[in-house]
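Colleague: Relevant sequence annotations retrieved from Swiss-Prot are reproduced here:
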DISULFID  CYS132-CYS188  disulfide bond
DOMAIN    112-204  domain 'Ig-like C1-type'
REGION    110-203  region 'Alpha-2'
SIGNAL    1-25  signal peptide
SITE      GLN34  site 'Self- and pathogen-derived peptide antigen'
SITE      GLY74  site 'Self-peptide antigen'
SITE      PHE76  site 'Self- and pathogen-derived peptide antigen'
SITE      ALA77  site 'Self-peptide antigen'
SITE      SER78  site 'Self- and pathogen-derived peptide antigen'
SITE      GLU80  site 'Pathogen-derived peptide antigen'
SITE      ASN87  site 'Self- and pathogen-derived peptide antigen'
SITE      ASN94  site 'Pathogen-derived peptide antigen'
SITE      ARG101  site 'Self- and pathogen-derived peptide antigen'
TOPO_DOM  240-254  topological domain 'Cytoplasmic'
TRANSMEM  217-239  transmembrane segment
Amino acid sequence: MAISGVPVLGFFIIAVLMSAQESWAIKEEHVIIQAEFYLNPDQSGEFMFDFDGDEIFHVDMAKKETVWRLEEFGRFASFEAQGALANIAVDKANLEIMTKRSNYTPITNVPPEVTVLTNSPVELREPNVLICFIDKFTPPVVNVTWLRNGKPVTTGVSETVFLPREDHLFRKFHYLPFLPSTEDVYDCRVEHWGLDEPLLKHWEFDAPSPLPETTENVVCALGLTVGLVGIIIGTIFIIKGLRKSNAAERRGPL
């Protein structure tokens, strides 16, 4: 789906407990962020809670239900999705007012920084996960496509919601399970209003380089030299020991 239209960022709330920006003489240990926004012309929004940089939950606007990042969280807490939907409705109304007051000024586009990495050290034919980390961008609208050997891949892909940053920009993670091989190459293609053209980040298996023959020869020669030196030194000590023993025998007992 191509990105089109002029984005207007809606009501964006960041509620920080014991924030470092506050003038209180208290050193924060943990930070909870409530982030919500509404976008036009997409008519889409998001409501989520973040704890120390990790998502706790978000509300699925289409299904009207709370989605916990980890199922275990839902066993110890609860959140009514209707509360988030009511907030988004207020955000939409506020956006209409703010848009008129700003004379329909669009939001400034900040292009993302994109990094592709693996979830764990890579071993051939061992299951792994490619991670496409999209960071430091606004507005929170991106299209992300995984490519294997230049062709789109959709099987098994997953993603996070838009995660807030302390500088009011956003970050997002996209995941692709895969089996590393020497034949396949991968790309994460990112589209955003701040980019003149789609941004591709490439990944392929990089086998460890074997030691060059000259290096192996040097290592072998060094090992041989060390071995010869050890033999020579050992022989010298043996000869000295024998000489001392013979001298003691010639002197006889006192």
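Any Cβ shown, glycine's included, is placed from N, Cα and C.
Where in this structure would I find these features, and how exposed are they?
Modeller: The Cβ neighbour count for CYS132 (disulfide bond), using a 10 Å radius over every protein chain in view, is 25.
When averaged over the domain 'Ig-like C1-type' (112-204), pLDDT in the model lands at 97.
Helix, strand and coil content of the region 'Alpha-2' (110-203), in residues and according to DSSP, is 0 helix, 52 strand, 42 coil.
In the three-state DSSP reading, GLN34 (site 'Self- and pathogen-derived peptide antigen') counts as strand.
Secondary structure at GLY74 (site 'Self-peptide antigen'), taken from DSSP and collapsed to helix, strand or coil, is helix. For GLY74 (site 'Self-peptide antigen'), the Cβ neighbour count at a 10 Å cut-off comes to 14, with all displayed protein chains included.
The number of other CB atoms found within 10 A of the CB of PHE76 (site 'Self- and pathogen-derived peptide antigen'), across every protein chain shown, is 7.
Counting every protein chain shown, the number of other Cβ atoms lying within 10 Å of the Cβ of ALA77 (site 'Self-peptide antigen') is 11.
Other Cβ atoms within 10 Å of the Cβ of SER78 (site 'Self- and pathogen-derived peptide antigen') number 10 in total over all chains.
Taking a C-beta cut-off of under 8 Å and a sequence gap of six or more, GLU80 (site 'Pathogen-derived peptide antigen') has these contacts in its own chain: THR66.
When other Cβ atoms within 10 Å of the Cβ of ASN87 (site 'Self- and pathogen-derived peptide antigen') are tallied across all protein chains shown, the result is 18. When secondary structure is read from DSSP and collapsed to three states, ASN87 (site 'Self- and pathogen-derived peptide antigen') falls in the helix class.
The DSSP secondary structure for ARG101 (site 'Self- and pathogen-derived peptide antigen') is helix. Around ARG101 (site 'Self- and pathogen-derived peptide antigen'), no same-chain residue six or more apart in sequence has its CB under 8 Å from its CB.
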Colleague: Of the recorded sites listed here (GLN34, ASN87, ASN94), which is spatially closest to CYS132 (disulfide bond) when Cα positions are compared?
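Modeller: In terms of Cα distance, CYS132 (disulfide bond) lies closest to GLN34.
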Colleague: Rounded to an integer, what is the Cα-Cα distance in Å between ASN94 (site 'Pathogen-derived peptide antigen') and ASN87 (site 'Self- and pathogen-derived peptide antigen')?
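Modeller: It is 10 Å, counting Cα to Cα.
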Colleague: Whose Cβ, among the recorded sites GLN34, ASN94, has more other Cβ atoms within 10 Å than any of the rest?
Modeller: GLN34
Colleague: Check each residue in the chain of CYS188 (disulfide bond) that is at least six apart in sequence and keep those whose C-beta is under 8 Å from its C-beta; list them in sequence order.
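Modeller: Listed in sequence order, they are VAL114, VAL116, LEU130, CYS132, VAL144, THR145, TRP146, LEU147, HIS174, LEU200, LYS201, TRP203.
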Colleague: Say you check the Cα of GLN34 (site 'Self- and pathogen-derived peptide antigen') against those of the recorded sites GLY74, PHE76, ALA77, SER78, ASN87; which is nearest?
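Modeller: So, of the listed recorded sites, the one sitting closest to GLN34 (site 'Self- and pathogen-derived peptide antigen') is ASN87.
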Colleague: What does DSSP assign GLU80 (site 'Pathogen-derived peptide antigen'), in three states?
Modeller: coil
